[in-house]
Amino acid sequence: MENDEIPENANEHCPGPQSDLAGKSDSCQGCPNQQDCATAPKGPDPDLVAIAERMATVKHKILVLSGKGGVGKSTFSAQLSYALAAMDFQVGLMDIDICGPSIPKMLGLEGQEIHQSNLGWSPVYVESNLGVMSIGFMLPNPDEAVIWRGPRKNGLIKQFLKDVYWGELDFLVVDAPPGTSDEHISIVQYLQATGIDGAIIVTTPQQVSLIDVRKEVSFCKKVGVEVLGVVENMSGLCQRLTDFRFAKLTENGEQNDITERVLGYMREKAPEMLDLIACSEVFDSSGGGATQMCQEMGVPFLGKVPLDPQLCKAAEEGRSCFADQKCGVSAPVLKSIIEKLLVMNQWREELQQIGE
């Protein structure tokens, strides 16, 4: 709902939430919105002007969303930022998952603090062209729970947008919490005047996840945010055969490790198997997965990223999966998805023309 829209459940003859009579007129008596309307600030939000000034130096703004938690949204946000920075773009990564800020861990920035200058709050930098902002940098104890109601969360998001000095950015990646709650409404409301390029939605293949992703797509359509595409993450477990542990089950269910015996047999009898990749479906995708959902909802499908233990390890260690050959299963797929985004939206060509 926009600030000046009359709520659907409002009383007849509602004066409107921006009216001086909001929450005070006779027609407001008994309305479920009366208290909110009476106490809400009236008129344009003056902070939106400050946000617009800050965002004027940011060329592209990308939201990364998910319907459910635990689908790898923050991992994707981190690796997307690493990849864009490796392409020599100026990149900012803003973590607005207030209650579960995992970005500092995934960027190797745990224990870092925010510093202030006469220009505003300074992001914490991974590289000279990759800055990060997160509430995780503001917590005195990383184990401390953030127990905040909506208005306080919204206030911090607003502060991140108007007080952080990013400088000139090609891309601002916003890692949002799962769902469609206060944080999502706020970030869209605050950024809409300055232009949001769109949202990337991350899901896993099973219907339990896709049910909520459909709601995420619906949210984007309602608030006027383009869905840049959907990424199906954890699309089957894939890793080199030599990275597996082999075991033999006993009658009572215990596992006897026979990894060395199996690998020794392969080296001797079938050495060509040592270069193979083994894949197994982890989540049920019999319903067609994200591909089918994208066709039904008319949004782009960007690709499938396998569940790669090496990618999980890179996230745990706070490093880019593109920096070496360890993530040989997942890194090429992620790179292909990011290249597809650049091509589909003509971002590379546009930024090259601006730089000339």
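Cβ from N, Cα, C; glycine included.
Note: Cys31 ([4Fe-4S] cluster binding site) has non-local neighbours Asn9, Ala10, Asn11, Cys14, Cys37, i.e. same-chain residues 6+ apart with C-beta under 8 A of its own C-beta. The annotation [4Fe-4S] cluster binding site is assigned in TrEMBL to Cys14, Cys28, Cys31, Cys37.
Look at TrEMBL and you will find Gly67, Lys68, Gly69, Gly70, Val71, Gly72, Lys73, Ser74 tagged as ATP binding site. All protein chains included, Gly69 (ATP binding site) registers 13 other Cβ atoms within 10 Å of its own Cβ.
Annotation source TrEMBL lists compositional bias 'Polar residues' at 26-37.
The region 'Disordered' feature in TrEMBL is assigned to 1-42.
Counting only the Cα atoms, the space from Cys28 ([4Fe-4S] cluster binding site) to Gly67 (ATP binding site) is about 35 angstrom. Look at the binding-site residues Lys68, Lys73 and count other Cβ atoms within 10 Å of each Cβ; Lys68 has the fewest.
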